[in-house]
């Protein structure tokens, strides 16, 4: 029996698009606008960019090197580098995090789908902001609608992953990502033509460091790691499909740049319009579902532009979801592509079932609390405050401790001409600065360190 040919990306740009799609998820569009809006706007954005470049980029390069070097799923990669040790549990942390993330991430994906349908049908027209708020509450409290939408979102995700890395994830990401960028550019151009739009631009881009607090700086630090899908071995899995000719430092830089650009475009699409019509930029997570519909309502062809925004939002959610299912399939399937379809659908079904309590947290289970939190909040807290930071810390410690500098340099130079100055700057950032930053974020998230 002939051995299966190892799975690889069909092209260099295909990998970049898929990895960027994984990184550019709801964090850049769903979370950043309201976090920036409540933490000083331009000052927060500047700090976020600096942290992304100085801390997120080194860890992303490290995950790429580690993944490509071992050419296998994350758990087996740890076992190859550190046999007969417990380091492989770091890979399982990533698998557990992705499974749990998607259990509530798919709920938000379902909300987006419902909003697209309702906007296209005209159900979201002619309402005030208060009415949009009431409508959003009624939507997320409806168990039948939200569960059906969550199921559709998971089905769309699994349909792509089941087709494989090249024919599924890469091909679809290569279509969705350019469309996402194009939609955001059109939305930004429209938003910037509004009266008073420059107030929103100033809010986003002009730093007011007096508005920064230690808490908001830590927020920016956390955003720099988590918006790149770091710490959950997704990038280790994706890079395991890379050929040795791929320029890792350049690919990582492209992904970081694309993530920053989309974050900037999301801000420029939202804040000028919000300021133009006198709304508050610090409305919280409901900004996208209650404030923006009211803003677009007042624009010529506003419904069309809002649908464009929702489609971009959906594409960002889906391309991230692909990577989360892929790490589960890669781990359990161990490279056996014959098992891919079955594993994809089984994983998707289990994620949906685990996500049911999260989906119902705003409806029939809204009064059910554990440790003072709903099921949705527990899943979010566990991933954001425990699994992702601990996974990122362990990966940042593992790579420079368990792989020699000479081996890391040799792997980095496969496909690139990275000099020693670049390498040693990257290495010492990864070995010392990145773990320290993650520890600070982690201690703050669990309440041990506060300012």
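Any Cβ shown, glycine's included, is placed from N, Cα and C.
If you check Swiss-Prot, you get these features:
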type	residues	note
TRANSMEM	13-33	transmembrane segment
TRANSMEM	41-61	transmembrane segment
TRANSMEM	97-117	transmembrane segment
TRANSMEM	142-162	transmembrane segment
TRANSMEM	174-194	transmembrane segment
TRANSMEM	217-237	transmembrane segment
TRANSMEM	255-275	transmembrane segment
TRANSMEM	299-319	transmembrane segment
TRANSMEM	345-365	transmembrane segment
TRANSMEM	381-401	transmembrane segment
TRANSMEM	429-449	transmembrane segment
Give me the stretch from 13-33, 41-61, 97-117, 255-275 with the greatest number of Cβ pairs under 8 Å to the transmembrane segment (299-319). 13-33
Under 8 Å between C-beta atoms and at least six residues away from its ends: which parts of the chain pack against the transmembrane segment (174-194)? 13-14, 17-18, 20-21, 24, 200-201, 258, 261-262, 265-266, 268-270, 272-273, 276-277, 299, 305, 308-309, 311-312, 315-316, 318-319
Residues sitting near the transmembrane segment (381-401): Cβ under 8 Å, six or more positions beyond its termini, same chain? 59, 62-63, 65-66, 78, 81-82, 87, 90, 93-94, 96-97, 100-101, 222, 225-226, 230-233, 236, 373, 408, 427, 430-431, 434-435, 438-439, 441-442, 445-446
Would you kindly check 41-61, 97-117, 255-275 and say which stretch has the most C-beta pairs under 8 angstroms to the transmembrane segment (217-237)? 41-61
Let me check one thing: do the transmembrane segment (97-117) and the transmembrane segment (345-365) come into contact, meaning three or more Cβ pairs under 8 Å with sequence separation of at least 6? yes
When each of 13-33, 41-61, 142-162, 345-365, 429-449 is checked against the transmembrane segment (255-275) for Cβ pairs under 8 Å, which one has the most? 13-33
Here the stretch out of 13-33, 41-61, 142-162, 429-449 with the most C-beta pairs under 8 Å to the transmembrane segment (345-365) is 142-162
Which residues, given as numbers and ranges, are at least 6 beyond the ends of the transmembrane segment (429-449) yet have a Cβ under 8 Å from it? 51, 54-55, 58-59, 61-62, 215, 218, 221-222, 225, 384-386, 389-390, 392-393, 396-397, 399-401
